[in-house]
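Taken straight from TrEMBL:
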- Arg44, Gly45, Ala46, Arg87, Gln192, Asn243, Lys244: substrate binding site (BINDING)
- Cys153: site 'Transition state stabilizer' (SITE)
- Asp233: active site, proton donor (ACT_SITE)
Amino acid sequence: MKSVQWHDTHITILNQQALPHKTEYLELKNIKDVWDAIVTLKVRGAPAIGMTAAYGLALAAKSYETDDLAQFHAELKRDRDYLASSRPTAVNLFWALDRLMKSVAHAKSVNEAKTTLIHEAICIQVEDEDVCRRIGEHALSLFQDGDRIMTICNAGAIATARYGTALAPFHLAKEKGMTLHAYACETRPVLQGARLTSWELSQAGVDVTLITDNMAAQTMKAKRISAVIVGADRIAANGDTANKIGTFGLAILAKAFNIPFYVAAPLSTIDLQTKTGDDIPIEERAKEEVTHIGGVRIAPDVNVYNPAFDVTPHELITGIITEKGIIFGDYETKLPTLFEEVFA
Ligand code: MRU
């Protein structure tokens with residue numbers, strides 16, 4: 001079961017807004033459908049957003065009628081900018097779109113460019129599966145059989161091509177016959193932890209316990225949580241990490257309880273152009289996400305502040321787990337080395 005799939009005339013996505021009640025696939029037939037699915041969180045999670053946008057751009061380009069390369073590039077740039085306007089925080093969105101733009105910079109014909117875009121988008125998805133598996137293997141090296149590990153939001157298989165980032169060690173542990181106990185924070189306001197992580201892990205046969213967000217401190221203490229692992233939407237050059245709202249609070253609690261706090265993310269989430277967390281744009285979403293749950297109003301019509309992400313300062317992060325390995329501390333020096341090619 002794939003969260004995103006290319007079908008030549010359309011893209012299918014697993015509708016993450018319908019979970020856990022319904023396992024429903026939606027067909028995205030044009031660029032507007034793609035933009036809308038990203039904005040409304042039908043597809044979500046940094047790598048899945050990047051993959052979907054890449055397919056969306058390839059799909060849009062397929063429909064261009066021009067044979068003129070300059071005109072093709074102008075239309076492509078317009079559509080790249082439109083898709084880039086869907087969500088501001090996850091850098092994978094811009095990374096994937098720009099990777100597609102670069103792939104056709106030297107195309108010799110419109111037809112060649114159209115084929116290249118599709119090929120490049122498929123490569124992003126295929127590579128992500130391998131990347132996530134590697135992240136999972138590295139993450140697993142940090143854990144012992146029987147560990148109790150807390151997470152927030154959903155950085156799982158449905159947010160990536162497969163396995164997930166923060167959830168990859170749980171899936172791999174299961175494959176290898178090792179037991180890891182997951183503690184999933186429900187993740188208000190949109191409940192990615194309750195609706196998605198607890199669904200995904202229980203479907204996979206992983207032992208998962210759901211808590212509300214305000215139970216994190218008590219759970220760390222009473223259940224002797226071994227570690228916290230979270231995904232990321234953007235990691236700045238100094239290691240400051242934007243992830244789902246509530247992550248920063250968990251990092252502070254982990255520090256108070258002397259529990260390791262890990263960030264698991266692919267290189268495509270590391271943004272060396274963004275110097276510190278203060279430079280990461282934080283998405284603010286509609287007030288109804290806070291005043292309502294499942295379409296039912298739970299609060300009067302008052303002012304609401306609804307940041308979708310927060311930034312965990314690098315000094316609270318024990319290690320950053322990537323497909324190239326784990327780095328501990330001094331992120332400013334070590335993050336750029338991950339991008340260096342290793343020649344055997
Ligand atoms: O608003 P969302 O649900 O897209 O936020 C998702 C997260 O914060 C994830 O932790 C992150 O994108 C990593 S997904 C592998």
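Placement of Cβ uses the backbone N, Cα and C atoms for every residue, glycine included.
Here the features listed in TrEMBL are placed on the structure.
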residue: Arg44; record: substrate binding site; DSSP class: coil
residue: Arg87; record: substrate binding site; DSSP class: coil
residue: Cys153; record: site 'Transition state stabilizer'; DSSP class: coil
residue: Gln192; record: substrate binding site; DSSP class: helix
residue: Asp233; record: active site, proton donor; DSSP class: coil
residue: Asn243; record: substrate binding site; DSSP class: strand
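Note: the CA-CA distance between the residue listed as 'active site, proton donor' and Asn243 (substrate binding site) rounds to 5 Å. Residues Ile49, Ala90, Cys153, Asn154, Ala155, Ala159, Gly231, Asp233, Ala308, Phe309 surround the recorded substrate site, their Cβ atoms falling within 8 Å of the Cβ centroid of Arg44, Gly45, Ala46, Arg87, Gln192, Asn243, Lys244, which are themselves excluded. Distance noted between the C-alpha atoms of Lys244 (substrate binding site) and Cys153 (site 'Transition state stabilizer') is 6 Å.
Among the binding-site residues Arg44, Gly45, Ala46, Arg87, the residues whose Cβ sits under 6 Å from any atom of ligand 1 are Arg44, Gly45, Ala46.
Note on Lys244 (substrate binding site): other Cβ atoms within 10 Å of its Cβ, all shown chains, come to 27.
With respect to their backbone Cα atoms, Ala46 (substrate binding site) and Cys153 (site 'Transition state stabilizer') stand 12 Å from each other. Taking only the Cα positions, the spacing between Gly45 (substrate binding site) and Cys153 (site 'Transition state stabilizer') is 9 angstrom.
In this structure, the C-alpha atom of Cys153 (site 'Transition state stabilizer') lies 5 angstrom from that of Gln192 (substrate binding site).
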